[in-house]
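Take a look at the structure below.
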């Protein structure tokens, strides 16, 4: 892409967003991105034309400072551990959660978007990691730290930064604004012009940027392309649903927000075609998938995000195991529309955040929802709330290690069946790995980390329950005991990863349909390879009892991918409590 002029789709998006200020916006964007766009043009290679994704794509979600070692930076220690464990043969992409200097929220309050936190490592460390793995970065574009130079200049009243943030009167009616936290929407700050109440969606330290000002968008597009130039294969747009503010509205999913996401895709497809846009919108399912956009008649593909998180999956899996039946998850999956061409789901069960429960809205009854909340509390989890429009606080997020979330109820002796626990957890991962889309595994799911109560107590933050940081000797000790729950999870999950990447039927574009086995405790779905040469039936038993099912008539003998056992059409199969199987047919 030449430094100028801007691609026509980008100019058209700017016109939709800024109207009479579109020309000003275009000039600012051209000026901001010109140097990095030129570097990207010079670095273009054959990878830009490679297939967008395959069954071999699996993402590891991790903090940049997840591991520490006496003889390496945390990023270096992470890279070395991944290579030592030969995980580069199972996971091809590493999602580095925000690695810039920050002041709070474990990275999501960025001080400098173009620097690496020295406590994590250097750009050279990231480049070295990128030699062995594809990379995924976060673009924290809704807000920045109050210590960010832009906000400090705003406080001093320096142009253009005096327009980079949003102030409002506390007396204004802001009740329609959708809140993700039970915290004030406005935070007071002393500025050169006196006290101002500034928009802070997430916390007083995370100050919302004013995208009504074209210069703000220009700066963030520069950061977006810098991340692409630094090797980002995927860019996650953090909290993007809240981007555009208009008092008197919900300030959620506004049309300008969607246009900005589309603009990001248009810009990347011109400047860095290999880089994909992933939107993080932890909201009810219909709202979430709206970020796929519409099919563009010019190329027949979706015109917004390349990928959206499948946010309903983690709580629906939890609901299925807590209630011992598959009715809710099967109903959801039966109605799940395939993504538009050129788009796919980003499937996961756990991440640095807790399990969002807004994506359960409309999918489970209040009684089932309450049962899930009670089960999480019984397993040591915490509940984070948000402020509703009527002023009440309602559950927003379940903070618990997903390993502990999958624990079965204790037996009569008060003990948890460890074998069943491992089986249930691996079943949850099997569903995630088998569904249509690109799968992502959280570091703590991979290594079987349990609830970190010490982290919660030390920080006062519920989210720290699944954000434990290891030093290498501690992690080695953690995984050194054969037969332990942690080791069984690690080994079992690695086996599932190896199985996933070898199956053409697990390609993100392979077709998917639910299969009715006439058993509400069992979920079954069929994937068919793009060329039709392989079919895989995934079957999961969510009940605490052994369940039998009749192998469906698929005009072929099915073989268990893990054991090799054959299942002719019409035969019967059994699954242990919390068990699963992959039954494959090769045509």
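Yeah, the Cβs are placed from backbone N, Cα and C, and that goes for glycine too.
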Check your understanding: Among 105, 390, 393, which is the one TrEMBL gives for the substrate site where 143, 236, 237, 238, 352, 353, 463 also bind?
Key -> 105
Review point. Which Cβ among the binding-site residues (143, 236, 352, 463) has the fewest C-beta neighbours inside 10 Å?
Key: 463
Review point. What same-chain residues, at least 6 away in sequence, bring their CB to under 8 Å of the CB of residue 237 (substrate binding site)?
Key: 139, 141, 261, 264, 277, 278, 279, 280, 305
Revision key, fill the gap. Per DSSP (helix/strand/coil reduction), residue 105 (substrate binding site) sits in helix
Check your understanding: Around residue 353 (substrate binding site), how many other C-beta atoms are within 10 angstroms of its C-beta?
Key -> 17
